[in-house]
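Peer 1: Straight out of TrEMBL:
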type: BINDING; residues: Gly17, Ala18, Gly19, Lys20, Thr21, Thr22, Arg123; note: ATP binding site
type: BINDING; residues: Thr21; note: Mg(2+) binding site
type: BINDING; residues: Asp39, Arg63, Gly85, Arg142; note: substrate binding site
Amino acid sequence: MAQRRIPSRIFLVGPMGAGKTTIGRELASRLGFRFVDSDSEIERKTGVSIPWIFDIEGEQGFRQREAAVIDQLTQQEHLVLATGGGAVTTPSNRDALSARGIVIYLFTPVQVQLQRTRHDTNRPLLQSSNPRQRLEELMQQRDPLYRQIADLVIESSSGRARGVAKRIEATLEKE
Ligand SMILES: Nc1ncnc2c1ncn2[C@@H]1O[C@H](COP(=O)(O)OP(=O)(O)O)[C@@H](O)[C@H]1O
Ligand SMILES: O=C(O)C1=C[C@@H](OP(=O)(O)O)[C@@H](O)[C@H](O)C1
Ligand SMILES: [Mg+2]
């Protein structure tokens, strides 16, 4: 039987609203892989929400928890991992992600990120008076980091999550 050469660890990176969580779940189900979201894993382990962690421990505290979870999860097999948008700002995360699996950057313009996140109160970094400016600043800082570790860049602003997941699967099968 022909072997599919799909890598056994698939890591999704990209900005808030790129669809990492939604597309990641869909992709994992298509591939028969386990899906884990680093934010959900932090919430499961701590028993509190991401905004709560930011409130009590600050962004730095959150980044430490995120790094511990990413170190653990990137060692598992047959896994699609959706990271949080800022995971790439921590050097040890960049190292673990790029060394241990295939990294897919879901690229989405700020305008679309804004539409997808505008009613959401679960992203502490966007609870600002000017979320557009915030997203633009973050994009400027982080886009080079996403690109630095990406094996593939996939545009995720158009179509439905299911369609993007299908496109990723087809691209991986061709690789
Ligand atoms: N094509 C699409 N791909 C992914 N998400 C989409 C798409 N269209 C709309 N969405 C919506 O955008 C929102 C943000 O997606 P999410 O997966 O939470 O992004 P991320 O984890 O990258 O921040 C969700 O409500 C999702 O349903
Ligand atoms: O961009 C960021 O720094 C963050 C993105 C969020 O994840 P999503 O990218 O899944 O929204 C979450 O990790 C936290 O609110 C911080
Ligand atoms: Mg997410």
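Using the three backbone atoms N, Cα and C, a Cβ is placed for every residue, glycine included.
Because the structure is a prediction, the values reported are computed rather than measured.
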Peer 1: Rounded to a whole angstrom, what is the C-alpha distance between Thr21 (ATP binding site) and Asp39 (substrate binding site)?
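Peer 2: That comes out at 9 Å between the alpha carbons.
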Peer 1: Quick one: of the binding-site residues Ala18, Lys20, Arg123, flag those whose CB is under 6 Å from ligand 3, and say none if nothing qualifies.
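Peer 2: Once distances to ligand 3 are taken from each Cβ, Lys20 fall under 6 Å.
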Peer 1: Looking at the binding-site residues Arg63, Gly85, Arg142, which ones sit with their CA no more than 10 Å from the CA of Ala18 (ATP binding site)?
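Peer 2: Near Ala18 (ATP binding site) by Cα: Gly85.
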Peer 1: If you skip the near sequence neighbours and keep only those at least six away, which residues in the chain come within under 8 angstroms of Asp39 (substrate binding site), Cβ to Cβ?
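Peer 2: Result: Thr21, Ile50, Ala82, Gly84.
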Peer 1: Please give me the CB contact count at 10 A for Arg123 (ATP binding site), counting all chains in the structure.
Peer 2: 18
Peer 1: Work out how many Å separate Arg63 (substrate binding site) and Arg123 (ATP binding site) at their Cα atoms, rounded off.
Peer 2: 14
Peer 1: Taking just the CA atoms, what is the gap between Thr22 (ATP binding site) and Arg142 (substrate binding site) in Å?
Peer 2: 21
Peer 1: Of Ala18, Gly19, Asp39, Gly85, Arg123, which binding-site residues come close to ligand 2, meaning Cβ under 6 Å from one of its atoms?
Peer 2: Asp39, Gly85, Arg123
Peer 1: Please check each of the binding-site residues Thr21, Thr22, Arg63 and report the ones with a CB atom less than 6 Å from an atom of ligand 1, ordered along the sequence.
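Peer 2: Cβ under 6 Å from ligand 1: Thr21, Thr22.
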